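**Q** Would you mind keeping the following structure in view while I ask a few things?
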Amino acid sequence: MNRRDFIKSAAASAACASAGIAIPANLSAASEAEKGWRWDKAACRFCGTGCGIMVATKEGKIVAVKGDPEAPVNRGLNCIKGYFNAKIMYGEDRITHPLLRVNEKGEFDKKGKFKQVSWKQAFDVMEAQFRKTYDELGPHGVGVLGSGQYTIPEGYTAAKMMKAGFRSNSIDPNARHCMASAVVGFIQVFGIDEPSGCFDDIELTDTIVAWGANMAEMHPILWARVSDRKLSNPDRVKVVNLSTYSTRTSNLADIEIIFAPSADLAIWNYIAREIVYNHPEMIDEEFVKKHCIFTTGPADIGYGLRPDIKYKKYLSSELDTAATEKSKVLSEAEGVTLSYLGLKAGDTMENKNTATAGNHWHISFEEFKKALAPYTLEFTAKVAKGDPNEDIEEFKGKLKALADLYIEKNRKVVSFWTMGFNQHQRGTWVNEQAYMVHFLLGKQALPGSGAFSLTGQPSACGTAREVGTFVHRLPADMVVNNPKHREISEKIWKLPAGTLNGIPGSHYVKMMRDLEDGKVKFIWVQVNNPWQNTANANHWIKAAREMDNFIVVSDPYPGISAKVADLILPTAMIYEKWGAYGNAERRTQHWRQQVLPVGEAMPDIWQMLEFSKRFKLKDVWGEKKLNDKVTLPSVLDAAKAMGYSEEDTLFDVLFANEEAKSYPANDPIMENFDNTEVFGDKRGVIGSDGKEFKGYGFFVHKYLWEEYRKFGLGHGHDLADFDTYHRVRGLRWPVVDGKETQWRFNTKFDPYAKKAAPNDKFAFYGNKAAALPSGDLKGVTDKEKTPLTNKAKIFFRPYMDPCEMPSSEYPFWLCTGRVLEHWHSGTMTMRVPELYRAVPEALCYMHEQDAAKLGVLQNEIVWIESRRGKVKARVDLKGRNKPPVGLVYVPWFDENVFINKVTLDSTCPISKETDYKKCAVKIYKA
């Protein structure tokens, strides 16, 4: 029986059984094949949708995966990647043992070749290199590059190890690359992170607008729900796709708007202008007056490039773009949009607020209205039209139709976005603008209406953001530079007062730059591939390989980061360990370990706990110099007063304390399931001490979860207990009195909103930046701060050009991203034969007119070259992605088409998130 027949037979067999019909012989064969299978629920490994899956195991191996029909997110449906959750674990080149660069004597040698070593030797060398850097450069000389794919307990362990143990805030996730702009948008607008709505909005709305979000490929299960909603009432339900190139999402759209890179800023202001100037009666005045204030901030904020515009390691070709960090000559469009600052086209704007880019202040509605004045339909269409072949009048008609959909009375609207907004030199601004329009119309925090940021990774919300694995964060939206937040954290973690470091570490891109500068010399990479996923990659590869730096990569496969590393630690994959993820709608889901890791691979939690055994309090809690101005005080005497000994290890204090050991190993939830960290396992892995690892003897995952949830209880981030999540298909926080929350800030649904404003409809109860000075469009005029109790902010933000635009030498825009069949850098999905065969290489999607001008044919190889580097790729003129003239699209999943050698490491100056969506390139035949 082949695979297709088996699947058909299995489905028919199940149908017959449920109907009480006798099962035919061929169907019985399928049922027979399933004998001895154990099915258990889990979460999908891939995107931020958070699909539920069912995993079948037999004889210690995963034998099948299917969609979970009881999962409310996907209702039994999986995308193509979801069906291969098992196969990602069984690639032929899976790393099964620690690998260290050594010389002929077997000693560590940075110029040596990788050789299999024991866990003990791996940790011995790792410890020595860590101590060397820690002693030389202090807590911020060492760093961890973490992930939005960490399980929640993994991220919590990493944050606790670094911040409480090593007193270092230099831990940042790859979610910096995908969600930081959304996070800062939430914090600046609402005073608290994460969406107000939920996926139920899809079935309740009349209008779905995708902004820089190719949902058909990047969130295919959500797109299936969107498609179902559209088809349920095609005349009423409208779909709009706004993008810089045509995608599969356009296939369902009633309106497709192809706009010029960064022109989303202008389009949002055009919609707001239409509301304020031409349809003032549609402003929800009661909502705005009660629940919002108008704000703005500086425009001269730079582009997140190095402050040293003549940096010695820049290529000469990089200097022109680098110079924009200091100043920029304004374009014709910017002369119009920045006229409120007294500037005009041709003026040089000095970027004086690069260090204070996030500052903002209260302005009047009249000032807000004045700022919107330039964004007429004529001006916006001229700036925003992204397809040179499109008729300007047709484009204007689309913009007008888009505005009309938002403005229409009683029409519910959901705005979805992902990387097109977030990976943006003004990513924070454009996130804020989405809320601007929804607030003006009173279409936010309502069933079926709201601006909704979609996450790309499976736990960018649940781990990176909620746990606080960013350089500046602590759990539950707390931050390291707030003394009260440090005090709360120290109490929960049972640390001496003053242990936590109040100075944020280096964010993801800054950590790479610090590595190049010798300010960071030790980096531990977990659950991501930074040397493939970071823009302007040539710089960082040289820093890793050519300097006195030590790179540890925990990875199941030999991706680019593993190849540039000095030490590779073999890591257990998703169903080889216990875990939890938190998705884009605040839904938290847990799963059990289904099978043992392969070879000697071990879970990330085990790796961190074993590493923590090697450091005593006297090594890390004494006086530590951070920089020339700041020295962390010794807390050893205070630790002794708490009953600790300076000979105690970080493992003893942080992870194997009395509370941890109170969670017994005989918990019923573990019955008949493996738990490598708790019990060890039958592989008999020789651990970091040279002895067989036989487990910690207590339920470490449950301890980590129950301690972590203490941070959010009573603070609007309430999570359920560990056992509850193993009984349900996820819950959306805050979970209060056993009930999840669908719509935040709405007193009908959110108990925290009801508590904050019992007699009102809404309460925006976030408390970050909840008091502001006042001013006008040019700046602060009254420094006295006014409290903003239960209010959100409506920001004005201007249109500005990107810092690098096409020129005669580099005439094309380059945009990067993903494709349906592959995940991120492809280290997992490129090892699944079916996915590899479907899309074996990254292509350069190009318009036929551009190809004709270059003399390039379908499937020919071209060079794609920027000021920073070049790569070769095969041209596709007829594929799924259809760029306009002047733009090319190249996905980044293929290490053989290493497109991040070409991209620009410019970031949003507020969020520090990289803009992968726009830089200038030239293309020519290879």
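Quick reminder: no glycine exception, Cβ is built from N, Cα and C everywhere.
On a predicted model such as this, the values are computed, not experimentally measured, just so you know.
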**Q** According to Swiss-Prot, Cys44, Cys47, Cys51 bind [4Fe-4S] cluster; so which of Cys79, Cys198 is the extra one listed there?
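**A** Of the residues offered, the record points to Cys79.
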**Q** Restricting to the binding-site residues Cys47, Met215, Met419, Gly817, Ser825, which ones have a CA within 10 Å of the CA of Trp892 (substrate binding site)?
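**A** Cα within 10 Å of Trp892 (substrate binding site): Gly817, Ser825.
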**Q** Specify all same-chain residues, apart from the site residues Cys44, Cys47, Cys51, Cys79, whose Cβ lies within 8 angstroms of the center of the Cβ atoms of the [4Fe-4S] cluster site, ordered by sequence.
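**A** Surrounding the site, in chain order, are Phe46, Thr49, Gly50, Asn74, Asn78, Lys81, Gly82, Pro220, Ile221, Pro458.
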**Q** Does DSSP give Ser825 (Mo-bis(molybdopterin guanine dinucleotide) binding site) helix, strand or coil?
**A** coil
**Q** In the structure shown, which of the binding-site residues Cys51, Cys79, Met215, Met419 has the fewest Cβ neighbours within 10 Å?
**A** Cys79
**Q** Could you round the CA separation between Trp211 (Mo-bis(molybdopterin guanine dinucleotide) binding site) and Cys47 ([4Fe-4S] cluster binding site) to a whole angstrom and send it over?
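**A** Cα to Cα, Trp211 (Mo-bis(molybdopterin guanine dinucleotide) binding site) and Cys47 ([4Fe-4S] cluster binding site) are separated by 18 Å.
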**Q** Return the count of C-beta atoms lying within 10 angstroms of the C-beta of Trp211 (Mo-bis(molybdopterin guanine dinucleotide) binding site), excluding that atom itself.
**A** 23
**Q** Across the whole of the domain '4Fe-4S Mo/W bis-MGD-type' (37-93), what does the mean pLDDT come to? Round it, please.
**A** 97
**Q** When secondary structure is assigned with DSSP, how many helix, strand and coil residues does the domain '4Fe-4S Mo/W bis-MGD-type' (37-93) contain?
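**A** Residue counts for the domain '4Fe-4S Mo/W bis-MGD-type' (37-93) by secondary structure: 7 helix, 20 strand, 30 coil.
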